[in-house]
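As given in TrEMBL:
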BINDING   Gly134, Glu135, Ser136, Gly137, Ala138, Gly139, Lys140, Thr141  ATP binding site
DOMAIN    39-681  domain 'Myosin motor'
Amino acid sequence: KDYKAGDRFLHVQLEDGTELNYPVDPSALPPLRNPDILVGENDLTALSYLHEPAVLHNLKVRFVESRLIYTYSGIILVAINPYKQLPIYGDAIIHAYSGQNMGDMDPHIFAVAEEAYKQMARFSVKNQSIIVSGESGAGKTVSARYTMRYFATVSKSSSNAHVEDKVLASNPITEAVGNAKTTRNDNSSRFGKYTEISFDPSYRIIGANMRTYLLEKSRVVFQSENERNYHIFYQLCASAMQPEFRHLKLGSAEEFNYTRMGGSTTIEGVDDRANMIETQKTFALLGLREDFQMDVFKTLAAILHLGNLEITAVGDERSSIDLEDSHLNMFCELLELNSDKMAQWLCHRKIITTSETVIKPMTKPQALNARDALAKKIYSHLFDFIVERINQALQFSGKQHTFIGVLDIYGFETFDVNSFEQFCINYANEKLQQQFNLHVFKLEQEEYMKEDIPWTLIDFYDNQPVIDLIEAKMGILELLDEECLLPQGTDENWLQKLYNNFVNKNALFEKPRMSNTSFIVQHFADKVEYKCEGFLEKNRDTVYEVLMEILKESKFRLCASFFQDNPAPISPFSSTISIKSARPVLKSPNKQLRMTVGSKVLCQIVKILNSYTPIDDFEKRVTPSFVRKVQAMLNNREDGPQLMLDTKYHFQVTFPFTPSPHDLEMIQVPSSFKLGFLTRV
């Protein structure tokens, strides 16, 4: 029955033939359904009506009924994680997509990779990049791995050096030391990775280079329930009884504090011992010999022993470590350190003033924090060292002609309890979101204006206000750094400053009604409540100078090199542009006041964006292909999937890229740029 103006009910027939009387407000009619012929289209921009329910319905039809996980939206590939292996990534499929135009074949990650490769080859010096993003557990790491395998297959080097095999071999190693089981994902990347694959004038791979960002160091010493530490620790524990590892005095993962904390030391269907053999093989493939590998394993074993070191409270103000503690002695034996000094300075700190030096005992909680900070520091240095050695193995002689970059970075995260790590990750995503806006909206609109094509400006969501809230002068991070500089600074005092500065003054900041220990930030994807506990300690990331001096004196060369004052070798990446943050980085003349984690995060984000900001034609310009990962959660509702004109529900959808407040179907713009992308239903 047709709708007439003023009717209070819309008479609807659903796909299964069910007839419903849908109550409507005449001023806000439900969105129109696409005709049958368009339902299941492989490009969302082909839909007559493009709105949230139509997008969801189209994705659901393709995924549930047609078992298709990929859908285009103009220049963007939307991928739904099926949470199982699919037989669509073999060499035959790679060769089928090779040389084809993006629209000529079914949507696929290989089509995006082929488009990047073809654009690079066609324009001879036009570098390309693929950004793989999405929320935690969406399948970013696997997608990045497939794109790299595609390039390795279609551009094999002519030499016998097997460069492409080495490039692919870097993945298992970085996943072993940088991935972990979380509640959402058994192989979650806990760091961001940008891999630049270099090509010669014949467009064959000649080498690669890797940058890493935002390693989640806190995971080394703490895991939430049902989560694990980094895979490499479990691989090492599973190999503890092998002859070459017996001198490390390890046992099962259940025996060590740093690996049993989450109560989940195994992953169903994963053989940690077999994975250890694979890790060793890939080290060897990269030319990293057994002596190098054993240095790495010794350092990892030392971290596990450090976590089991027993610290005893002596009254309320002091703590001590038994010099006979077997884990203390094993830690010091592996890293070739003085155990007496280590026992003393884990429980004491040296305070230097202008007139005197004071040795102050630490309480047990303070000593435990010092121990954990040392473990995180050692692991962070080890991680960087491994990445540096991988880069050395992938170095090439001669000049890079062109490159394709693959960026696989944390997605937006929101958990039951969100802390400093989630804050940094979501801040990084805000900056990447801004880059998406810059690329997809601002730059394309400028192109249309230059070419005098009829065009209506899109009033797209600009997330600069929330970035300013975080990083501008007197923003969240600057107030955090300021509190970290105060001797008596506390999480509570910092939170109170946030309340005073932003509550009722900034619409993107809220104080929870039922909590005085949390704050809420309205990010582009969702509101996130952060618990303030631990923010100062994690931002300071303090390892006391005296402990670093002890480690500098280590006779174990690898360990000593981690703590030398000379800076690490500069990456061969050259930055052709610079982006200035709205927030100046605090610099202190005092050696003890090192750069905070928040400041480092900002610097790392700027480095990422340096590679993705278009610049003038005389310099390198990188063109991102944005790959959005969509969670396969459309069927997870308790009462079954709902059609888009359901009488009980309107689709409650949060997009990581918040769309224009205008109805999209009312804006006459090129269809490629109309869509924000779903991460959670």
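Glycine is treated like the rest: Cβ placed from N, Cα and C.
Per-residue confidence over the domain 'Myosin motor' (39-681) averages out at a pLDDT of 81.
Cβ neighbour count for Gly137 (ATP binding site): 21 (other Cβ atoms within 10 Å of its Cβ, all protein chains included). Of all the Cβ atoms in the protein chains shown, 25 others lie within 10 Å of the Cβ of Gly134 (ATP binding site).
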